[in-house]
């Protein structure tokens, strides 16, 4: 019976992938919002940690940059700003919900929130893919050495755009990016028959964009190397970047991990993060159930608490299907894996069917287990005979 039990244990239930975000070692960092903002407790009527989706023991480890009511996308574009800053080899994102269809943002009354959700997808796709190659992330301002007569034609009752800004195009405008390895800047246009370009004066590279389709501010997000750039357009006004995401301290490729950031079903959410988070640069984790918090309906959900609980311990392997605690055997192939990963061959096939070396190792383990049981029975028999 013991042999049968061990056989099925090793073949069908050992070291299955876990639906959590975690890390291979202590060199990790999390970017989040109120669900991981430990300082937000000071602003709450009921001062407890039930609103968190992370374990409170993580609050003072210096590995979290989070702010209630904020998101990296919102801070990138609008006057509502939090300087997300952090460094780590393995990067986790759990934010984004604070800009979604529930806020219904658009530049004009006849504009389109759908355009902004498309902008959100493009932004996070660029953020995730870049962050797989860099350890450090922060915001930087883009200075201009000329006086700019700007106008703001994009704001709502809750948000006001300040990246990019718009100026009348009367002369050439330049900006310089120095100090970081890579920058993410917006290039945005309203619906028109015009185009705009960034020219790298040092290399001659040209980055251009035109928008003749979308009835709102349509943006692409361009990764620029350090250098001096000239802004040119065929339109009567320029859109100028004022803030950039700074990527620094390059590393070997490490996929980022993204946890879905959404409301309870009573509020409208979107799928921008899952669309933006694609292999091979990003692993996406989600709960199959509705978000139902215990502090309030949008804070403290047990499913997402379970996903974030993986931050409490190191794992051996991170993959598309989940994380693996051990590096020995598994019944699920660690697809697009990173770390010290278990051996297996065919997705969703039990290991005992095909992997020859693990079968030999399992046979040795089973024989040792059998000999141990026989030895215990022998000792028990001798003890009774005396």
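Note that Cβ sites are derived from N, Cα and C of the backbone, with glycine treated the same way.
Note that the coordinates shown come from a computational prediction; the quantities given were computed from them, not determined experimentally.
The topological domain 'Virion surface' annotation in Swiss-Prot covers 12-359.
The N-linked glycosylation site feature in Swiss-Prot is assigned to 83 (among others). With a 10 A radius on its CB, residue 83 (N-linked glycosylation site) counts 11 other CB atoms from all the protein chains.
For residue 110 (N-linked glycosylation site), the number of other Cβ atoms no farther than 10 Å from its own Cβ, over all displayed protein chains, is 8. Among the features that Swiss-Prot reports, N-linked glycosylation site is placed at 110 (among others).
Annotation source Swiss-Prot lists region 'Receptor binding' at 122-236.
Residue 145 (N-linked glycosylation site) carries neither a helix nor a strand DSSP state and counts as coil. Here Swiss-Prot flags 145 (among others) as N-linked glycosylation site, drawing on sequence analysis.
Summarising the annotation, Swiss-Prot assigns N-linked glycosylation site to 168 (among others) and lists sequence analysis as the type of evidence. Using a 10 Å Cβ-Cβ cutoff, residue 168 (N-linked glycosylation site) registers 12 neighbours.
What Swiss-Prot records for 237-349 is region 'Esterase domain 2'. Helix, strand and coil counts from DSSP across the region 'Esterase domain 2' (237-349) read 16 helix, 38 strand, 59 coil.
Here Swiss-Prot flags 286 (among others) as N-linked glycosylation site. Cβ neighbours within 10 Å of residue 286 (N-linked glycosylation site), excluding its own Cβ and spanning all shown chains: 17.
For 328 (among others), the entry in Swiss-Prot reads N-linked glycosylation site, with the evidence type sequence analysis. Around the Cβ of residue 328 (N-linked glycosylation site), the same chain contributes 15, 342, 343, each under 8 angstroms and 6 or more positions distant in sequence.
Per Swiss-Prot, the feature topological domain 'Intravirion' maps to 381-386; the stated evidence is sequence analysis.
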Write down the Cα-Cα distance for residue 145 (N-linked glycosylation site) and residue 168 (N-linked glycosylation site), rounded and given in Å.
16
Just to be sure I understand: of 110, 145, 286, which glycosylation sites have a C-alpha no more than 10 angstroms from the C-alpha of residue 83 (N-linked glycosylation site)?
none
On the DSSP side of things, how many residues of the region 'Receptor binding' (122-236) fall into helix, strand and coil, could you say?
10 helix, 55 strand, 50 coil
Far apart in sequence but close in space: which same-chain residues, 6 or more away, have a Cβ under 8 Å from residue 145 (N-linked glycosylation site)?
174
State the Cα to Cα distance, in Å, between residue 286 (N-linked glycosylation site) and residue 110 (N-linked glycosylation site), rounded to an integer.
34
